[in-house]
Structure formats: C-alpha cells, structure tokens
Amino acid sequence: MEISISKQQLIAFFGAILLLIGAFLPVLSVPIVGSISLFNNGKSDGLIIVVLAGIAIVLAIINQIKAIRFVAMVSLIVVLFDLYKVYSKISDAKREMSEKLAGNPFGGMANAMMDTIQLQYGWVVLILGCLILLFGSFFKIVNSDEARKQVRGAISEGRETPVIDNSPIVRTCKFCHAEMPNNSLKCNECGSIN
C-alpha cells in the first residue's frame, strides 16, 4: 500500500501544526502575572484554536482540502478577533488608568507599570499558521511532470482539457511535406487540409 502526500497537504499540515503550537506560546506579557498564552489552561478561545488545529491536522492527513479552507478561515477570524480584543483591552486599561490617577503622586508609577504590558510573539505564530493553512488549502502546487501526466491521461480518456503544446512553431504537411505554421490547418503549397 503506497501512501502519497501532496505538497498541498504538507503545507496545510505544517500550518495546522504552527497554529497548534501558537496556542500555547505567550501572547501577552503582564507585570507580576508573567506571560499568558491564548490557551490559558483551556479557559479562553485558545481551546477553540486547539480544536480547530486538531481538525485541520486530521483533514490534511485525509486530504479534505476544501474542508480545511473553512477551518482556516474560522481560525483566522478567531485569532484576529482575539488580537483585536486584547489590544483594545490594553488600550482601554491604559486610558482608564491615566484618567483615574491624574492627580495621584503614584500615577506615574502606575502608568510605567501599564506600559510594560506587551503583546508577545505567540500572535505572529498564530497568524502565520492561519495564513499557511489558508495558502495550503487554496493553492494547489503541481510540478510539471504531474501536469503532463494529467494532460496525457485526460487526452487518452477523451476528456476536454487544455493541452500543453511543447511542439515546434512549424510542422510539415502530410501530403507534400512542405513546412507550414503549426497553428495553420491549410497547407500553403498544396492547399490540402491537415
């Protein structure tokens, strides 16, 4: 039994693995608390990302590329929504802290503490995983040998497919053996139709 994996499956599998890994990487750094991942012990949307990545891995293995498209789009929407949600919460917290501690002598220290809250590299891995998963599901990569075999097989089966023409620009007439353009049906010398 021969198992063949297409490049498209391999790319989708790699994107799903990146997505899975990204769910456990730090996405936010908060003073005193430390780094927080999107998974966060299964309490946030990280669990959804882990499940979607697992589904994408299985779909890549069984070569269900169209289903991977849906999973990739949902994953990207969830990741971008979470990124927006986290970024807006950080901005709101900084603004609210500045307003509440406007006259407080310790306001500068609180603002400095808020400025140390940062987005981490987990977002890059998550978004990259989603984009690679999308790329793998939308763009079929076929090498030229496979394309030629598919065209030859289609021609021998009588299906209508675009034919790749690698022949020279000129050909010879079947009747008078004169050279004629490859795209011409009628010979200029003898007038026969080839």
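Backbone N, Cα and C define each Cβ position, glycine as well.
Per TrEMBL, these features apply:
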{"type": "TRANSMEM", "residues": "12-34", "note": "transmembrane segment"}
{"type": "TRANSMEM", "residues": "46-63", "note": "transmembrane segment"}
{"type": "TRANSMEM", "residues": "70-87", "note": "transmembrane segment"}
{"type": "TRANSMEM", "residues": "121-142", "note": "transmembrane segment"}
Below 8 angstroms Cβ to Cβ, which residues of this chain, lying six or more residues outside the transmembrane segment (12-34), approach it? 46, 49-50, 52-54, 56-57, 59-61, 65, 68, 72, 75, 82, 86, 113, 116-123, 125-126, 128-137
Below 8 angstroms Cβ to Cβ, which residues of this chain, lying six or more residues outside the transmembrane segment (121-142), approach it? 6-23, 25-27, 37-38, 49, 53, 56, 60, 65-66, 68-69, 71-73, 75-76, 79-80, 83, 150
